[in-house]
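Student: Quick one: this structure, given as structure tokens, is what I'll be asking you about.
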């Protein structure tokens, strides 16, 4: 990094080209200028690199060094005869780039090499405008010291002061105002520096601008008064004279009016900004509220989507469970098919045992050592299969789906074991009963056939058992996997259902109040129905009792009733009177009885005394009853003597009806006693009342919550309405302010027109002043001082040209690029200077 020796060796040995551009449009020469590698840059320049080479962006090395603030590189490049005023693709020189970066040392070097200070780029910006735009106050002060134009404008008509005010740089504004920048200039939009100062809201900038405006107004007033004084002299008679004192006074009044209107406009702008800020805050609050509502709606939508996803997941798990169930059912069918095949094989073996000579063959085999070995192996296989069957049975019993099915392996192996035991027993019996002689030829042939068949059956049984055991193992593993998958699916399904229930609980929390209301209404309706049923049963019992009582009364035919209605009415009245009297007598007797009972309960009574009192009481009751019955009989005999013959024929029938009605009344009373016990009814009523009270309390609580929610909703709605009304009021105020702003703009236009007229008058004054100056020159043309002054200026111009030429040739001599003609001319100049010094 920054190894000049290595760079020089590479350039000498390998002949590399430092200005060759890479894929990014940069070269080693430009990279050294960008990074400030002055030694490497000097080594490249010493090997004859063209300093005017540009990169892909149109920048030279001098532009890059000035842009990145490397004064040593700038000095090296300028010493290498690099032009100081070369422009890039955007029309900017090295001084423009130094002004943008704010590098004062680079600017000093460029100014020492006579860089143009007021050159413009393609946007019309000078280095001073760019320095003010980037808020480099010290660089602005240096450029102004070197003679930069302070009131120059860009293509938009903006000056350096306007850009400094727009960026809010107080130091830059102060430097420009102290240097004499004009405040009253306007750009292409009609805005001046005060407008941009107000837009930033910086009070210090506004103070500087106001002071500068006052100073400039005072200076213009003094200049106008001095012009009026000079216009009164007799030497100015030939020039057209303006009205005395009028233009200066009008300009002063117009300027004061403009300042006042600008202040008012600044106040209006501040008010408008305040209203806009309030409106912005309200809009932000409304946006926040809308955002919160949208977020709540989005959360509800997400919950609904999650619920729908849970439902879909539930359906998918249900389908998986159905698939597992179908797989289990298929496994069960396969097991049943296997059991069917085993049963058919057992049936075939049973038929084989019925074949002639098969038992004898089996008995011989049991006696032979090979048969014993076969039995031993079969027993071992049976035992191992029994153990496997036991394990399979335990696994199958663990699953609730297969708990109802019997174990297929246990049936198979138990049947095989029983068959082997039966075969062993038969073989033993045959061995005891078989003779020592060999069987006949026919028996031997049948025996060989049977032996072959049995042997084939045994050979078939072994692979069948092996295939069955392998199939059982496969089925067991498949069943285990199916059970595990089923358990996992059930667990996932239960988890999904739990989440679905939680989501449904959240979604149904809002409808808890309506459910409570419906529940209360249902309970109240249930209570009212129970009371209505009880009331209906009571009414029914009373109606039946009344009907029974009415049936016991003597049924009189309609014709007889019409004849004896008046008599029965009279008798009814008499009987009612007698009944009242008898009830009074009975009441007195019951009162006496109660007093006697109280007395008996209060004091101990002897047995004899008790029996006597009881006998007297019974006798008195019988006498009272006998007396009552005799009186009734006498009255009934006297009253109903004419009805006796007619009623005797119907007495038996009425008695039968009365007995039937009595039985029916007893039955109805029993049904009433069994149907609606009062205690149970009261308990049910108490329970319903307690439940209704609890529901009422819950309903009251929910009502309070609902009222609280309604109040909160009402508050939110009221706030929304208040915000809406405030927004409407703010919009109305904004419209009013906009109207005022439009009026202020119209007033500003009018003032600008006045200002234009003032500028026209100022221009007229300037033209008059120029004409006066020309007249002065015409008057002084005869004096010899003018010719001497012109000669002196010409000599000074020639001297500056000679000095400039001398400096350039001296620079070339120092750099080693001086030819013979230049050297000869330089010697002549040195001789002339020596002669002048000797003459002095």
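Each residue, glycine too, has its Cβ placed from N, Cα and C.
Curation does not apply to TrEMBL; its annotations are automatic.
According to TrEMBL, the protein carries these features:
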- 258-348: coiled coil (COILED)
- 479-533: coiled coil (COILED)
- 565-754: coiled coil (COILED)
- 219-253: region 'Disordered' (REGION)
- 426-477: region 'Disordered' (REGION)
- 24-56: repeat 'ANK' (REPEAT)
- 57-89: repeat 'ANK' (REPEAT)
- 90-122: repeat 'ANK' (REPEAT)
- 123-155: repeat 'ANK' (REPEAT)
- 156-188: repeat 'ANK' (REPEAT)
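Mind mapping these onto the model and telling me what they sit next to?
Tutor: Predicted-model confidence for the repeat 'ANK' (24-56) is 86, expressed as mean pLDDT.
Cβ atoms under 8 Å from those of the repeat 'ANK' (57-89) belong to residues 25, 29-30, 32-38, 41-42, 45, 51, 95, 97-98, 100-103, 105-106, 108-110, 113-116, 119, 121, 811-812, 815, 817 of the same chain, restricted to positions at least 6 beyond its ends.
Mapped onto DSSP classes, the repeat 'ANK' (90-122) shows 17 helix, 0 strand, 16 coil.
A Cβ distance under 8 Å defines the sequence-distant neighbours of the repeat 'ANK' (123-155), meaning residues of its chain 6+ beyond its ends; these are 90-91, 93, 95-96, 98-100, 102, 104, 107-108, 111, 117, 161, 163-164, 167, 169, 171-172, 174-176, 179-182, 185, 187.
Under 8 Å from some Cβ of the repeat 'ANK' (156-188) lie the Cβ atoms of residues 124, 128-129, 131-133, 135-137, 140-141, 144, 150, 194, 196-197, 199-200, 202, 204-205, 208-209, 211-213, 216, 255, 752, all in the same chain and six or more residues away from its ends.
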Student: Could you give me the DSSP helix, strand and coil counts for the repeat 'ANK' (156-188)?
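Tutor: Tallying H, G and I as helix, E and B as strand, the rest coil: 17 helix, 1 strand, 15 coil.
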Student: Mind checking how the repeat 'ANK' (123-155) divides into helix, strand and coil residues in DSSP?
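Tutor: Across the repeat 'ANK' (123-155), DSSP assigns the residues as follows: 16 helix, 0 strand, 17 coil.
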